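A short write-up of the structure that comes next.
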Amino acid sequence: MVTIRADEISNIIRERIQHYTKKINILNTGTVLQVGDGIVRIYGLDEVMAGELIEFEEGTKGIALNLESKNVGVVLMGDGLRIKEGGSVKATGRIAQVPVGDAYLGRVINALATPIDGRGEILSSEFRLIDSPAPGILSRRSIYEPLQTGLIAIDSMIPIGRGQRELIIGDRQTGKTAVATDTILNQQSKNVICVYVAIGQKASSVAQVVTTLQEKGALQYTIVVAEMADSAATLQYLAPYTGAALAEYFMYKERHTLIIYDDLSKQAQAYRQMSLLLRRPPGREAYPGDVFYLHSRLLERAAKLSSKLGEGSMTALPIVETQSGDVSAYIPTNVISITDGQIFLSADLFNAGLRPAINVGISVSRVGSAAQIKAMKQVASKLKLELAQFAELEAFAQFASDLDQASQNLLARGQRLRELLKQSQSAPLTTAEQIMSIYAGINGYLDSLELGQIGKFLRELSDYLKVNKPRFQEIINSTKTFTEEAEAILKDTIPSEKDRFLLEEKI
């Protein structure tokens, strides 16, 4: 017969009581009332906070956006096909955040920072809130360093500085993405981390951008965040914030970053869709009342940090699509008022063969010459004025039958200046090449050439200077000034090279 030893049992019970820790898990839970169109109505969740992450029993996550008296409106971060009415839901007590780190460079990810390029998982131990607060006034300093785009029209007349927000605006198929990708290509060897955010684009368009970056060796310093046209509206709305969180990580590590949002019109449309399904009151063009805040809190995160914070920078190039050149629509006017200038791409110029199709007359950079090196200021100061005078005279010349010689000369010069602004895609120019081209145009060296010969002559002149006069590029790169020696090299080289070129063209 088994004997029961009371003292042994009491010892075990005492030991268990000593090691017992009083741990109570309090969960804020709710029940699914209704689900559809990426929106879930939930009963319960009494203590949920606006913007809090919500977890459904089958693993899908969502964000609580509408806190109403009888239910909570949640937007889904996924398709939510397995969510059922009456299902259980719990609040996580966390706000949406994404992993960040150097491991993301060269990868293509979605709005939840999950890789979609088929190259395996990305290991990262650091996290950042998707919706981080922007740096305050004392955390910033004024912009003084140029961010070279490699596009002569922008770098000479609409300069962009590190930490600036410059809007790229224009109709569809006017080369907006091409301007942005060329800017990424030009950051090679400039120690700038690039983030390209594709919102609601065709998968083929994103694949084309990724292929271009890969072929040109630019993907190694670029992160691509992509949510395609078939993605959930919530993910299209979140994608720019995910891109900004990744760029901020590098900015606070004292690095320079460039972020491109392609494009914010589609993000606004996704947000409008979410808001209307949540039954928020519609405003102008059926957008919700806080659509301005949607873009302002995103673009204010771009900054040039103060010396105390390491002088890192985040430059934003948001893209906005217009309908038939209407820049007075709701989203274009909102983003124009938030940014530090805009580059306007014109369908008429694009169709006339001027690529990039930048309308210099109405494009502006509010940072201006503070974002230019001294050499560019010295050479390009006359360029915008001469082009403006030419545009005015060209409009007048359509009605005038006979023009005096001075006006004819001005027209001829203007046509040649406009010709030197033409550039093929994925072929950014160095600062020295831009200065050489502008100097040749402004000082009349191109006046005796036919319009069709200008591009070829400038390419040959650039090749000649690189091989035979490398000192010119050295001066520009080292002193950042257009010195007398640099000018003497151009004065000596351009006429002799032009004579040789014209002779070859005649043969």
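Cβ from N, Cα, C; glycine included.
Bear in mind that the values here come from a model prediction, so they are computed numbers and not experimental data.
Look at Swiss-Prot and you will find Gly170, Asp171, Arg172, Gln173, Thr174, Gly175, Lys176, Thr177 tagged as ATP binding site. Look at Swiss-Prot and you will find Ser363 tagged as site 'Required for activity'.
Structure coloured by features recorded in Swiss-Prot.
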residue	record	Cβ contacts under 8 Å, 6 or more apart
Gly170	ATP binding site	Lys176, Glu321, Thr322, Gly325, Phe344, Leu345, Ser346, Ala347, Ala357
Asp171	ATP binding site	Glu321, Thr322, Gln323, Ser324, Gly325, Leu345, Ala347
Arg172	ATP binding site	Glu321
Gln173	ATP binding site	Ala347, Phe350
Thr174	ATP binding site	Leu345, Ser346, Ala347, Phe350, Ala357
Gly175	ATP binding site	Leu345, Phe350, Arg355, Pro356, Ala357, Gln425
Thr177	ATP binding site	Ser205, Val209, Asp262, Ile319
Ser363	site 'Required for activity'	Met157, Ile158, Gly341, Gln342, Ile343, Phe344
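All protein chains considered, the CB of Lys176 (ATP binding site) has 25 other CB atoms within 10 Å. Of the chain residues outside the ATP site list Gly170, Asp171, Arg172, Gln173, Thr174, Gly175, Lys176, Thr177, Glu321, Leu345, Ala347, Phe350, Ala357 have their Cβ within 8 Å of the site's Cβ mean position. Mapped onto three states, the DSSP output places Gly170 (ATP binding site) in strand.
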